[in-house]
Amino acid sequence: MNYISIKDIDSLSKWVKSAIKIKKDPLKNKKLGKNKTLGMLFFNPSLRTRLSTQKAALNLGMNVMVMNFTNEGWTLEFEDGAVMNSGASEHIKEAAEVVSQYCDIIAIRAFAGLVDKEKDYQETVISGFLKYATVPIVNMESAVRHPLQSLADAITMEEYKTKHKPKVVLSWAPHPKALPQAVANSFVEMMQMQKDMDFVITHPEGYELSPEITQDCKIEYDQDKAFENADFVYVKNWSNFNDYGKVTNSDPNWTVTAEKMALTNNGKFMHCLPVRRNVIVSDEVLDGENSIVIEQANNRTYSAQLVLQKILKKI
Amino acid sequence: MNYISIKDIDSLSKWVKSAIKIKKDPLKNKKLGKNKTLGMLFFNPSLRTRLSTQKAALNLGMNVMVMNFTNEGWTLEFEDGAVMNSGASEHIKEAAEVVSQYCDIIAIRAFAGLVDKEKDYQETVISGFLKYATVPIVNMESAVRHPLQSLADAITMEEYKTKHKPKVVLSWAPHPKALPQAVANSFVEMMQMQKDMDFVITHPEGYELSPEITQDCKIEYDQDKAFENADFVYVKNWSNFNDYGKVTNSDPNWTVTAEKMALTNNGKFMHCLPVRRNVIVSDEVLDGENSIVIEQANNRTYSAQLVLQKILKKI
Amino acid sequence: MNYISIKDIDSLSKWVKSAIKIKKDPLKNKKLGKNKTLGMLFFNPSLRTRLSTQKAALNLGMNVMVMNFTNEGWTLEFEDGAVMNSGASEHIKEAAEVVSQYCDIIAIRAFAGLVDKEKDYQETVISGFLKYATVPIVNMESAVRHPLQSLADAITMEEYKTKHKPKVVLSWAPHPKALPQAVANSFVEMMQMQKDMDFVITHPEGYELSPEITQDCKIEYDQDKAFENADFVYVKNWSNFNDYGKVTNSDPNWTVTAEKMALTNNGKFMHCLPVRRNVIVSDEVLDGENSIVIEQANNRTYSAQLVLQKILKKI
């Protein structure tokens, strides 16, 4: 069993219930991970994922080995048949096979490079590990997806929803730097698995996510209209998917403010963090009582713990 | 309970006694930290603090998560109300609140930048964590203070003192690079809590530490005079506090040599390490039998262990 | 007891047997390392060594503290009597003595600089730790030797040998960058301890390893001739020892191909990894059924575990 995409979840509602149960007694399965080792390989920075996934593993009694691959290890080659006479010192085939011998589960973070769309959307790094590793792989944010985040988001919405069929908005917001689409992609995929939620995506024209991800999701280019009666507003910047990896819009009118939140049905504000204050969202909203970003981050531990627990039970 | 300053200690003599007791049986409280997690966040390099604090936590049975914040995480914003459209990706408010959810205690190292005196002496980083974290904070050297070091120093002096009221000298010594005042500041504050010690600070004119720190401590500009009959000579470089962060003096006459130590009462040589040989102190003194720098470093473990133990008992 | 060189092994055949026994039940000595701490200090990148040595320590129930010395700690001075007024902040004497107080065993990786032959072959870094540390030292690849690798190689050959007196070839192969001689040196030293193996070294003329290492080992400049009837082909690049640290040959005719392996006695292909595909060795050979590089890497865990176990039993 791997956890690469939110689609690896068989029943989202059951998983969410299990995670909430874990949250009530996180040390209950302290023996499950005894003498099992989680290898955490980072190709990019990480705060929440780094600490919450470690914490989850410790709650399960696992050993954890953390490695910042980029500066602590060797540059990897991902192409089959490559003549490796320039930069890369090691092929993903050996790296993945070897690490599999030292770890019972391998978790990987490898962001989109945002230069080569095709390469990013082929998930070069995580696909390489998937292909060659001989142990389960957990996605700690790949080029295209961030399913530990989306599971935490689902848990958080379950905890805060106040009616049977809430309205959920995913809203783009401006950001000075080019960011990957991974969080938004996985959130969309997670929402597609929700049975009783109304979902709408809002962003400036031209900022459409990959149509293979959004499929028939409702898109509303008017942010105000999208916010109307929303119960949850999930805000996230992403760089342009069509003009790949570019920042083609930084319109401050898309910043989420108290005025905009006033259009909602007393809606909760969500963001995966880190968040740029007064660019993505105003202080007033982020610090307001309807902001549930800190609890979202808290649920990262239980999201990761559920995934590790599911895998441990199968190995 | 936080441990930010040596002034957080209610009774220095009792703490020193407790630490010496821990040193005799460091694994006695191995169960105290079970299932508790120490998060160690480094914004700067560290050898002794990194390893001794980890060791202390392990002696208490804690889990430890170490993070080099600067290159493994996100750049932090510390200003309230900031429009975060340039360098920083995350505000201290979210970072501190989030990390508090994964850790039972957070330990932080964040040196003085030595450019902006006001910012440094407001303790921007550690104050930010103090303000927003919801778990106890331990100072692993902040811009202004290094209280784990000073507690270790107090332990070491207790172990090596040979008379009721020893004379202790804090002496400046030259160094090629600009160093923070933190170790010296905390040593001064610790000495002010000592009941039965004569304390004098010696440094070139113009190298006065913050008067808010030194208060009415005796200052002697003649190093030789200061060393007379000293039982402990604590040597440390610091950069200029008045001409802030500058190296305005590198007079080799302030290097501590055997000739100078001969003026003392068979005085012990102390330094927090790392120390630049034959710049701060001659090989002869550092390698001599009166040098107790290695034991000082050893006591860092018990200093940290006492602090963690005190905190664990309260949470 | 230190483990600096393969020559620190009293009986290679007994050690190999012990390691194979550990491999069958790696958790058998889980209590041996209880409350013991391994400090792993890296001055260079590492994947296999980093993870396998950690894994070995965890299998023995040890605590592990990993430190990337170069960017997490202080620059070290190794010269006695140095006036430390430029780059280095700390002398090896203090560093080694201090770390010895926090760790029960210190493992060190410090590659050859490949600029100053004399300095490299004096093993400046690991010799400094050996001189000043007060706890056992384990070599995780020094300037001259990589004995954890060579022990793993011996284990692997024992597992795969099919006749009493196999023929073993150490073959140089081309590489775009200058690499240390450490792996080759230690392999040679290990082969000199093998009783029932025929050993030959092959490399281009001028690429002789240190004569103090190779002593009276057979050298064959004709790679094809060397490969004839070989049971094991151990391939490794090293930079020129005579024209020290230079790449003076990159002849692709030395790349190990299926044609060359056809000259052997159905020989096994070995390499310590990381390996540059289609430069050191063709994909066909590396991916072929006679390639045992992944098992070699697997045996790194048991090599390290045996060494740690031997040391733990003596402290």
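Glycine residues also receive a Cβ, built from the backbone N, Cα and C atoms like all the rest.
According to TrEMBL, the domain 'Aspartate/ornithine carbamoyltransferase carbamoyl-P binding' annotation covers A:4-159. On the 0 to 100 pLDDT scale, the domain 'Aspartate/ornithine carbamoyltransferase carbamoyl-P binding' (A:4-159) averages 97 in this prediction.
If you look up TrEMBL, you'll see A:S46, A:L47, A:R48, A:T49, A:W74, A:R109, A:H146, A:P147, A:L148, A:Q149, A:C272, A:L273, A:R300 marked as carbamoyl phosphate binding site. Taking a C-beta cut-off of under 8 Å and a sequence gap of six or more, A:C272 (carbamoyl phosphate binding site) has these contacts in its own chain: A:H146, A:Q149, A:D153, A:V183, A:K236, A:Q296.
For A:E141, A:H175, A:K236, A:R276, the entry in TrEMBL reads N(2)-succinyl-L-ornithine binding site. Close to A:R276 (N(2)-succinyl-L-ornithine binding site) in the fold, though at least 6 residues off in sequence, lie A:H175, A:P176, each with a CB less than 8 Å from its CB.
The domain 'Aspartate/ornithine carbamoyltransferase Asp/Orn-binding' annotation in TrEMBL covers A:183-308.
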DSSP puts the residues of the domain 'Aspartate/ornithine carbamoyltransferase Asp/Orn-binding' (A:183-308) at 47 helix, 20 strand, 59 coil
Sorry to bug you, but what's the C-alpha spacing from A:E141 (N(2)-succinyl-L-ornithine binding site) to A:R300 (carbamoyl phosphate binding site), rounded to the closest Å?
13
Same-chain residues at least 6 apart in sequence with Cβ under 8 Å of the Cβ of A:S46 (carbamoyl phosphate binding site), in sequence order, are A:R109, A:M140, A:E141
Would you list the binding-site residues among A:S46, A:W74, A:C272, A:R276 that come within less than 8 Å, Cβ to Cβ, of chain B, in the order they occur in the sequence, writing 'none' if nothing qualifies?
A:S46, A:R276
Going through the binding-site residues A:W74, A:H146, A:H175, A:K236, A:C272 in order, which have a C-beta under 8 angstroms from some C-beta of chain C?
A:W74
In sequence order, which residues at least six apart in the same chain have a CB under 8 Å from the CB of A:L148 (carbamoyl phosphate binding site)?
A:Y3, A:T49, A:T53, A:V138, A:N139, A:M140, A:E141, A:R300, A:S303, A:A304, A:V307
If you draw a 10 Å sphere around the Cβ of A:R300 (carbamoyl phosphate binding site), how many other Cβ atoms fall inside it, taking every protein chain shown into account?
28
Hey, of the binding-site residues listed (A:H146, A:H175, A:K236), which one tops the CB count within 10 A?
A:H146
